Amino acid sequence: MSPLGRFSAVAQSRRQLNNVFRRFTSNEAPSVIVPGVRPIERIRNIGISAHIDSGKTTVTERILYYAGRIDSMHEVRGKDDVGATMDFMELERQRGITIQSAATYVDWHGTNINIIDTPGHVDFTVEVERALRVLDGAVLVLCGVGGVQSQTFTVNRQLARYNVPFICFVNKMDRNGASPLKALDGLRNKLNHNAALVHLPIGKDSNFNGIVDLVEGHALYYEGEGGLIVRKDEIPKDLRVEAEDRRQELIEHIANVDETLGEMFLNDQKPDVKQIHEAIRRTVVKRQFVPVLSGSALKNKGVQTMIDSVVKYLPDPSEVVNRATVKTETGEEKRIILSPERNNDKPFVGLAFKLEAGKYGQLTYFRVYQGQLSKGDTVYASRDGRKVRVQRLVRMHAADMEEITTAYAGDICATFGLDCHSGETFSTDQNLAPHCESMHIPEPVISMAIKPVNRKDADNFIKALTRFTKEDPTFRREYNQEAKETIVSGMGELHLEIYAQRMKSEYNCPVELGKPSVAYRECLGAPYKFHFRHKKQTGGQGQFGEIEGVIDPLPADRNTVVEFSDETFGNNIPKNLFPALKKGLDAIVAEGPLIKSRIAGIHVRIQDGATHAVDSTEIAMINTMQNMMRESFEKASWLLLEPIMKVEVTTPAEFQGNVVTSALSDMFGYTSELRSLTEGKGEFSMEYSRYAPTSLEAQDRVQAEWRQLHGIADPNEKGKKKKK
């Protein structure tokens, strides 16, 4: 049995990389590289996504090592205290979790793979959202023991939202109880995917030492230091029958959705290896099939084969249709398809998907969708037409930057000095003004009061809040005038705690966080018809506005937004006054009538009204809308909406009787309580699902607690005293 030693081209890749760039830190100037323009079919943009602790970052570390991007591997919670390359934040290394997405790229046998490693914790889900928005494919990492877990559902929804094709890598096959069949069952029955194994593990638990490649029909063993040598051999005798059965199952699942393979299957023709690979690629790109691979990143097994599958099965940028909205000469909007050609025949179009404060200023991450972007180019923001010059252009490798001169369609790059917001589209054509669809931003679910420990740190406190709220759209702040305190809102306790720790470590500003509170919303319980007249005469120019219509509660799937529509006929209310009405609505919904939480889930429909030629000014119409809403606070039926969370608790069977479901307000500090109830053996994860009305009893209790907190008397008690 002569081993066919196949090295993963590590030495060659390292030589190539060292010839074209050198990494630089904040203390040294970058060197410039001018790479050749790689063909579009040799580009892959992928994300590594998974439930927390499934091994995403370890998988990425192995990819970097086998591709020659790093010289040695380090673990997330390694004894050497170095930490994984992609977890470059100090807090990430301390906690052993990924907090923010990190970008890098590798060369794998002539294919450039741009990689974004994303967090697994639900509190940082916006990092996954903005990564998947700009990626063409993904690797979904599942734990061989846990299979499909709570956060897997969230990632699956995000993949579907952005129509991202993916392959599945079942990790941790060396652990006791690991099996790819559990993951396969979860993909099929929990996530409703057409999935099949393309790998069978060789050896169970700690004896796992290789895989059977069901497509190629041979065994692969990963040997040598760090698993660098991939040895090809015959399939072990005890696995040959199962391998044949699983291969047939694989072909059947593909044939169900692929016309070419389906015809061969019906005609009893056996497809060859090339035909199976091509069919897998066709169906993966169309999101009709999910191939399931196996391995153990920690034990250095299966990762090279997984990278090969990324190149074989996931789409290049030309195979993904990307669209933008532009305005025609008549002012109408139309959708255009962006060209993936890697040249400057068409104007540059790029999406700023992530902001990060660096030592050189704001770092803006871009996905180039069309044309090319070069250092020194002038680009225009589609939102407001402002003109910006690209002074520096870099590619990211975790915390390091490698300066480049030009980025082409399909590339992911970053630039400095671009004052913009996440989700903005830029173009080199001032007249094009394209708008790429932005990413989904989930609503915050908890709030905390926050203040600096020392008054002298007030300036740094404001700077930190301003920066963090700009970088992270799920981290929000507001100032409570009554309580005279700053309130921050986010996706969970960990989310807010991390920002508190970052204020201390990055701004030397220790802060105190108050008790968590639920981010309630206020909504109408039933439609409310209104006919409201605002009239004010003070000696000078008066104010006049009259509006008639209805406020409807929105359905459950849209109850986090406020909608406004003009349903008038004729010109009783001139069209140029509707922006003022909308402005008044946007301001008044910040505080509802129950506990001054934000109003959501309503649709204000203006059906008729009246105006005055002189007195119906912008401020008059703003006041008309706001006073109508204040009247509705008194007359309409209002409800509290609370966040409904999906909670997954993992605990030994003997402790299950002690673990019960709770309201979100009862889940604060639940980690400590669960550890106490389960002798430290229980774990739980929680993610936002939707907003729904509270019970009337809960609403009364929340209102009473809010009034007590703010020293406000119960209006019902006042009424009782008057009657006496």
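Glycine is treated like the rest: Cβ placed from N, Cα and C.
Per Swiss-Prot, transit peptide is recorded for 1-24, and the stated evidence type is sequence analysis. According to Swiss-Prot, the domain 'tr-type G' annotation covers 41-318. Swiss-Prot lists 50-57, 117-121, 171-174 with the feature GTP binding site, giving sequence analysis as the kind of evidence.
It is LYS56 that, of the binding-site residues LYS56, HIS121, has its Cβ surrounded by the most other Cβ atoms within 10 Å. Classification of ALA50 (GTP binding site) by DSSP places it within a strand. In the three-state DSSP assignment, the secondary structure recorded for MET173 (GTP binding site) is coil.
In this structure, THR118 (GTP binding site) belongs to neither helix nor strand by DSSP; it is coil.
Note on the domain 'tr-type G' (41-318): its mean pLDDT in the predicted model is 88.
Sorted by the number of other CB atoms within 10 A, the binding-site residues ALA50, ASP53, MET173 start with ASP53, the lowest. Less than 8 angstroms from the CB of THR118 (GTP binding site) sit GLY47, ILE48, SER49, LYS56, THR98, SER101, GLU127, VAL128, ALA131, LEU132, each of them six or more residues away in the same chain. In the three-state DSSP assignment, the secondary structure recorded for LYS56 (GTP binding site) is helix.
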